[in-house]
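*Asks:* Below is a structure I'd like to ask you about.
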Amino acid sequence: MRRFVLIALPYAWLLALFLVPFIIVLKISLSDIKLAIPPYTPTLDFTEGWTGIKAFFSALDFENFTFLTTDDLYWKAYVSSLKIAFIATALTLFVGYPIAYGMANAPDHWRPTLMMLVILPFWTSFLIRVYSWMGILSTEGYLNQFLLGLGLMSEPLTILNTPTAVYIGIVYTYLPFMILPIYSALERMDASLLEAAEDLGCSRLKAFWLITVPLSKTGIIAGCFLVFIPTIGEFVIPSLLGGSRTLMIGKVLWEEFFNNRDWPVAGAVAVVLLLILIVPIVLFQRNEQKQRELEG
Amino acid sequence: MSQTVFEPWNDPQAKPLIQFKNVTKRFGDFTAIDNQTFDIYEKEFFALLGPSGCGKTTMMRMLAGFEAPTEGTILLAGQDIAPIPPNKRAVNMMFQSYALFPHLSIWENIAFGLKRDGKSKDEIAARVAEMLKLTRLERFANRKPHQISGGQRQRVALARSLAKAPKLLLLDEPLGALDAKLRQDTQFELMDIQETTGTTFVIVTHDQEEAMTVASRVAVMDDGKIVQADTPARIYEMPNSVYVADFIGEVTIISGTARRGDGAYEVSFAEGQPTLFAESDTEFANGQECHLAIRPEKVSITAEKPSDRRNALEGSILDIAYLGNLSTYHVELAGGQIVKAQTANTRRLSRRDFTWEDRVWLSWTDTAGILLKG
């Protein structure tokens, strides 16, 4: 009985907070747009009994999914999102790995402080932090004022409302998700492994590639997925920092939903996005499981 | 085949493989190694023995190249090794934690050093196969380190460090993680492998039994200094100080004053106790403070006062440490001095001659004890 409860609890949680909302979204994506509240049809009406339910199901179709293929805005947005997420993940890894490495090799008494510095930004609202980047990156922003003040250039840089600003925003926001898993992998590593590698004829750099990198692989993979998965659907950063030229699926979804009030198409966009995300999520889970098996 | 005694340290012609010359190592204010000069010869099995913090690990890490001496030089085959980084030294180390690469198979672990040398595939395969055979690990070649037992991991670490055929192999507490029974078997295995490969071994350990078993010479260390470096037998029988006598095995130390007698020194140590006699090569002045060290197994325990020995003391049994094959009796003399005596338990326990509180006589010969200055 106790075991049943222990297993049932997480399943109930998933059912209520994941499966049920997903079914609702899926249902909306199969519906048609209508000027009403809610703005789609059909709605399930139990008062008419069995015929009502039958009518409800017969009114559902894949029209909206077909629609997504007719307008190239959608697939372009998906591809663009994947591309941005991919590049942003690589950049975050590039910035995050040295930080994690530095933290793992810092003296013991420094580590809590460094860890705190990584986590500290989370104590401020995400929105406020993205707005501050607007203040830093805009044409009259702090960065340009600083660079112009130094006399390094005569014309201000245009960063805000370009993909560069989106990358800066994403790398900044998701950096802790990259640093923490890599740090925890590096921190667990036995320092004598590197000495052993050196003792057996490796240079320091070679030992890093042959020992440190493979042993932090699970951390790297976990960090990359933790950045990649939410970045694909990212909406706030591209809409605030990327301007109108940055095409990302999260923004398209938002516009369908709020500007066009076309819930069924927005639902279809969301379902396809979820299908795209399932691949990396499954890979991520497998990586986690592999790591647990290695440790177990 | 005549058995020649292996004692290069007594041969003035022998060239040492390793020479420490006035080596000092300081970490900030702390002196880990204090001006040490000593030699290690080829094919030796040299043990650095001491309590934790005595500097034995620092000594080894200087040989491996992970630490550099603050002062003095270390020569390997006549060459100063200070400028040679660890990855270029003909020295390999077996780490206390074994430091096996968890992401590589046993085969790849052993091949790791060979690959770094740029050897051909066939050469590597042949050498790894040889090492696997030497350490009886053939069946485990494709396993990962976490899929084998502690004893097997220990052998992988040994195989990996021997694979490059180093001039010198360093072993940092190699058997520390094994249980007692496995440790004993492994000690003999280590000696066999050392003999087969002809490699010079330097082992760091805090386990005196281990050092005594495997080593050709044992260096007992204390506080950054080698107090005595000699064969296990001489370390045990002829310690040069109270520290060494006390560190190795069980011993009773009786402190008193020496007076030159005929053939032996007379040692008086307590009011109302008879004078003891001890032969000694060390010179003592009349009335000089001295310490008589006696191993418990050299002390006889009898019910009556023995007539054939000059050194005889009476006391009562305070404690009996029963070790199975041996029993150690702790006998308290009238003045409070405790003397240990050991007997082999050749009879069943129920037929034991002595028990707690019994009045007994302890006796030993003039040559049984050793007279030390400090």
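Each residue's number is its place along the chain shown, starting with 1.
Glycine residues also receive a Cβ, built from the backbone N, Cα and C atoms like all the rest.
According to TrEMBL:
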| type | residues | note |
| --- | --- | --- |
| DOMAIN | A:78-284 | domain 'ABC transmembrane type-1' |
| TRANSMEM | A:6-26 | transmembrane segment |
| TRANSMEM | A:84-104 | transmembrane segment |
| TRANSMEM | A:110-130 | transmembrane segment |
| TRANSMEM | A:166-186 | transmembrane segment |
| TRANSMEM | A:207-229 | transmembrane segment |
| TRANSMEM | A:263-284 | transmembrane segment |
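Please situate the listed features within the shown structure.
*Replies:* Sequence-distant contacts of the transmembrane segment (A:84-104) (same chain, six or more residues past either end, CB-CB distance under 8 Å): 111, 114-115, 118, 163, 166-167, 170-171, 174-175, 178-180, 182-183, 186-187, 189, 212, 216, 219-220, 223-224, 227-228, 231-232, 234, 238, 246, 248.
Within the chain carrying the transmembrane segment (A:110-130), a Cβ under 8 angstroms from the stretch's Cβ atoms is held by residues 99, 102-103, 169, 172-173, 175-176, 179-180, 183, 236-237, 240-241, all 6 or more beyond its ends.
Using a Cβ-Cβ cut-off under 8 Å and counting only residues 6 or more beyond its ends in the same chain, the transmembrane segment (A:166-186) has close neighbours at 84, 87-88, 91-93, 95-97, 99-101, 103-105, 115, 118-119, 121-122, 126, 129-130, 133, 137, 159, 212, 215-220, 222-224, 226-227, 230-231, 234, 237-238, 240-242, 246, 248.
If you look at the transmembrane segment (A:207-229), the same-chain residues 6 or more away from its ends with a CB under 8 A from one of its CBs are 85-86, 88-89, 92-93, 96-97, 100-101, 170, 174, 177-186, 189, 193-194, 197-198, 277, 280-281, 283-284, 287-288, 290-291, 294.
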